Amino acid sequence: MIYHQPTPVRTKTLWTPALQPGSSFGLFQTNYTEDLHRPSSDILWIGSTRIFFLFFGGIFSGRLTDGGYFKTVFTLGAIIQLIGIFTSSASKSYYRILLSQGVCTGLDNGLILCPALTILSQYFKARRGIAIAIAVSGSGTGGIIFPAIANSTLNLYGTGWTLRIFGFITLVTHIPCILWLKPRLPPRKSGPLIELSALKEKPYVFFNLAMFFNFLGLYFTFFYLGSYAREVLGASTPVSTDLLLILNGIGILGRLIPSYLADRYLGLLNCMIPTNLSACVLMYSWAAVDTIGGLYGFDTIYGFFAAGVQSLFPAVLSALTGDPTKIGTRMGMTFADVGVSCLVGLPISGQLITANPNGQYLYAQMAAGTFLLLGTAFMLFACLALAGPTRQMAV
């Protein structure tokens, strides 16, 4: 059943907690490897665990949001996030950092991200893509601010105080979210945690498969670009930091421009397919980059298209859900799917780098590109399977 309730535009709802310190993990990855005397493959589990819980937690928080518990879930997530950041600042061992920065901050993000996007989707229909893009562009802003802060404070104050500074900034950004964000629709008290009827809808199933394959390869660059620059091209640590800043910073435009084109001209899924294909082609082309200048160019262009994919996918997902009171549940189901993908994708990339002669990145680059290609194919299948009112909203 398709609900056609009027959808008011609420400007304050665009303020979401997207300004997060997670984008700076690449900097801490280097520090943790040196300070904890652990191989980078072990440190990678901290980041992949956090991304897993960030997405997988949506299967619970999304349904609770549909049930009318948004404020409770969001506030709990904000509290746990601050606990995770401040406890990780005092952690000295690998397993304590894994628990605090991996599990704890991942769980809190899982209680924040899906509910925030669910609420935002309730307020926008005609311009849902650009609305979500504006909201999540804060992660690109955070990807500039937090690495810049870390770059200035890590050597002066160490990892502990750098994380505490992150915690205080996060506290300030959460306050407007708790005060302003609230559901537009009445709660849906009854209903399962997993909506099995959604698994009978071909467009939704194909899109879930697309996102599973996509996120097996999409984040490979975000975690390995710095190490590639240092280990393969001999770049200095400041250069690898600059690459991280560019990768996240260009993501602001990458989120806004494709989403605007999708809303204004192309349609959400019609825009996401070529955006994803572009990221796929760029991932394959990374193997041919053999200079620092070339890596800067790749970094800029890939960051743009990868950000577009990340921005469009929740917008497409909400458009595929005819009943807006079920957006949280369905978004949570897809987020759980993506969480598993992220958990296994990054370690697979690490193993492929280890398996490649002399620790080169070719196998991992080709695998990431192939995963993105499969994701593009399943998006095309989802587009072809759409029909009726849902097709008008999503294509």
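Note: Cβ is positioned from N, Cα and C throughout, glycine not excepted.
Quick look at what TrEMBL lists:
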TRANSMEM  43-61  transmembrane segment
TRANSMEM  73-91  transmembrane segment
TRANSMEM  97-118  transmembrane segment
TRANSMEM  130-149  transmembrane segment
TRANSMEM  161-183  transmembrane segment
TRANSMEM  204-226  transmembrane segment
TRANSMEM  232-253  transmembrane segment
TRANSMEM  265-289  transmembrane segment
TRANSMEM  301-320  transmembrane segment
TRANSMEM  332-350  transmembrane segment
TRANSMEM  362-387  transmembrane segment
Recorded stretches the transmembrane segment (265-289) and the transmembrane segment (97-118) touching, at least 3 CB pairs under 8 Å: no
Contact yes or no, the transmembrane segment (204-226) and the transmembrane segment (232-253), 3+ Cβ pairs under 8 Å, gap 6+: yes
Same-chain residues at least 6 beyond the ends of the transmembrane segment (43-61) whose Cβ lies under 8 Å from its Cβ atoms: 22, 25, 29, 32-33, 36, 73, 77, 97-98, 101-103, 105-107, 109-115, 193-194, 219, 223, 328, 331-340, 342-343, 345-347, 350
Sequence-remote partners of the transmembrane segment (97-118) [C-beta within less than 8 Å, at least six residues beyond its ends]: 16-17, 20, 22, 28, 32, 36, 45-47, 49-58, 60-62, 64-66, 70, 73-74, 76-81, 83-85, 87-88, 91, 132, 135-136, 177, 181, 314, 318, 327-328, 331-332, 335, 339
In contact by Cβ distance (the transmembrane segment (332-350), the transmembrane segment (130-149); 3 or more pairs under 8 Å): no
Range from 73-91, 232-253, 332-350 with the greatest count of C-beta pairs under 8 A to the transmembrane segment (161-183): 73-91
